Amino acid sequence: MSSFLYGLGRAAARARVLVVAIWVVALAAIGGLTLLFNQGTDDTFAIPGSESQDALDYLGRVFPEVSGTSAQLVLVVPGDVDDARAAVGRAVDRIGKVDQVATVINPFGKDVSGAVSADKHTALIAVPLKVDLAQVEPGTKAELAAISADLARETGGKVYTGGDAFSNRVPKLSPTEGIGLVIALMVLLLMFRSVIAAVMPLLTAVLGVGISVGLIYLATLVTPISSTAPMLAVMLGLAVGIDYALFLLSRHRDQLAEGLDVEESIARATATAGSAVIFAGLTVVIALLGLAVAGIPFLTTMGVAAAVAVTFAVAIAVTLVPALLAFAGNRMRPRVRRKKRRRKPPQIARWWVRTATKAPLVTVLVVVAGLAICAIPATDLRLALPDNGTEEEGTPARDTYDVVSEHFGPGYNGPLIVTADIITSTDPVGLVRKIADEIRTLPGVASVPLATPNPKGDTGIIQVIPATAPDSPQTEELVTRLRDQRQHFLDAYGTKTAVTGITAVGIDVSTQLGNALIPFGILVVGLSLILLAMVFRSIWVPIKATAGYLLSVGAAFGATSFVFSQGHLADLLGVTHTGSVISFLPIILMGVLFGLAMDYEVFLVSRIREDYVHSVNRAGGDPRHAVESGFISASRVVVAAAVIMFAVFAAFVPEGSATIKPIAFSLAVGVFVDAFLVRMTLVPAVLALLGHRAWGLPPKLDRSLPVFDAEGDSLVHELRLADWPGADEAISARNLRLNDDRGRPVYSGVDINLPRGDVLVLHGPGPAGKTALLFTLAGRVAKVEGDLKVLGRVLPQHTHAVRGEVALVSCREKPDPVLPDDVDLILIDDVDLVLRGHNRAALREFIARSPASIVLTCQDPDRIRDLLPARTRLLALTPQLVEVS
């Protein structure tokens, strides 16, 4: 992949005008199409297959009057509301003529109870509509508002107009969100000390968000999308878009400071930092698409929408950013510092890592205990779908919600509907009333204001008012209690019942999402272990990274519950509704934070591992030195990326909607905890504590796991060998080493320089080393150390290409070998086993006339002297496997 990205970065730099034009045209085209064809968002939460959703769909067919959304008119008068009976009747008649109104429930109707408050000052007019919330016309709401105003004037009271039809839960951007971008700009200016370098990530991130949000709204042509989806895409798109561009810019400027050419630096930065960006983006996308495990369509759509934003952030980082860097040219090159003023290693970073690793066990215990304590409030985290109680104070929907709760009780804002199949009953009205009478006796029921069959008499509906709020645990218990009565009603009356209504649907959604957390957690934890084991070839690094991720998630849950469920600091953060958070917050947080945590893990630990391999493992020494040096090298970029991401998420908290606010808060806390407490404190301490053990992987597992080069190290290695050793070498090897499963050398210290067309003999008493080296030269061994080029190609990076140009022949299996003449390199194993005269003659003739380079293995070269031409070179592999002659 890194080789492809290297070419892509170079191509984008050379075709920079075309690349920029393509992205700008894409933004304009998608933006225009979105304005013309988007259908708006739909906040109707459905969960196919659940009892509540099936019953609601059934009601839509047999009793449409109660299956759509609804409005409420609440009349509050100083005196007895009964005096306004006539005025209310006239208002009810007018409401019944409004378009989209299915029916009107007169609070003074003979079959209606509970619609007049106990103090006789308030009356509730319920207005079921024919359509869902997304289809309510502005004209319908305007007419209802006008009727309310007339009723207020006529009665001298106050009329509140609300209900779900008047809810406005669509999140909107405010100037406050811009604060996050301002902070990001300040961080980038401090880091790069260049206006061009600081502005570039902001521009590319905003462009990516614009395209992503446009595509999300265009998708409303074919599928309903909740209003939270584009806002989540904006948050994620800005955060990762800035960070991904930051990684490329940082690598590019470091390379320019080393004197690299602009175009070459762009290509290398795209290959190396771009590989890390693709790895990070891929993990986020996989986690977001994994939201589908919950089996809830609106959540799946939300995950796909957010994944689209992340995908475009990655695509822009590896195409548009290189093009803009080419436009900037040498203006991105840092100023050359005088030697005496050359930048010293960051003292804060050095102090931080030394403090964390001075007593690593203490650091681990303190961090783990602290985050565990922070997670304790998570036990009180309550989940629910948003209702009008989460609307901003002062809005019609919220005011009506509060008035209904005050005068009638909290349960009136979340009525339940019990449906009954009464098609076989000879007395449908009486049967429905009998069931209603039994329901009234159940604990948690405040009242049953409505119990009636539909006009066809085949389905009865019973409206049940809970004694508690819609998001209360007691209301959830009531739903369970009503469902437990199904068998009783079937035995006693021969009728099947079901519990539905918006409140019941919300409870079912929250339950299913809660049940999905464990399989989703297993998915992301398993993915984390596998991916990091592939990247770092270690057992302990993935375990440590995954444990740290779980600690971050727990702390974020705890902080969210502390504020939004328990109410602490709520006023300071502008939280107007406490008690519950939106039900899909936990699974969204787990998915997004997983990708971000892996991003920081790879960027930090890869630097530490690089220093360990080059400075400690090969040269010997204390592994803590690698932890310190790697941390100092990576900390600057990790801190900048984390601060930017924290600022972007935190900026959505003060003015965010009730849906977005807790999500943004939990992500901000999660990023802060994961970056500063887990990755930059716990990780160095754990690595220092483990020492050399941190970097071990069982040989069998090492062989079975594919190699994932997340930082483009293989390309860096290939570029380093680009001019070595020259074009006329068929095989060039330097300090080759191969270990067996127990870490013992099969061969080591092997140096080869074989010119094209020459013959090399590998000889020694045992077959293992010679055969293994032959397989290495054939591109069939991947875990070899050292530098190796075969036919001008670096191994093991280009094994497939080398295999097509190399022939490997074993004389042990076939003493009369058939030798090809259409390859450039021929490897013949155990050539001294060719004993028959005519076979040796044929082999001698082939070696003499073949233009290919040839490598032979044998135990004693004296036994094959007659086969060798004058240009033969000998390489002796003794039992110690080091001597070259």
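Here, residue 1 is simply the first one shown, and the rest follow in order.
Backbone N, Cα and C atoms are what each Cβ position is placed from, and that goes for glycine too.
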Per TrEMBL, the range holding transmembrane segment, considering 581-600, 841-860: 581-600
Given ranges 111-133, 203-225, the stretch to which TrEMBL attaches the annotation transmembrane segment: 203-225
Averaged pLDDT, computed only over the residues in the domain 'SSD' (194-327): 91
Candidates 17-37, 634-653, 665-690; stretch with most C-beta pairs under 8 Å toward the transmembrane segment (203-225): 17-37
Selection from 17-37, 271-298, 351-378, 548-569, 665-690, the stretch that has most Cβ pairs under 8 A to the transmembrane segment (581-600): 271-298
DSSP-assigned states of the domain 'SSD' (194-327) in counts, ordered helix, strand, coil: 121 helix, 0 strand, 13 coil
For the transmembrane segment (351-378): best-contacting stretch of 17-37, 516-536, 548-569, 634-653, 665-690, by Cβ pairs under 8 Å: 665-690
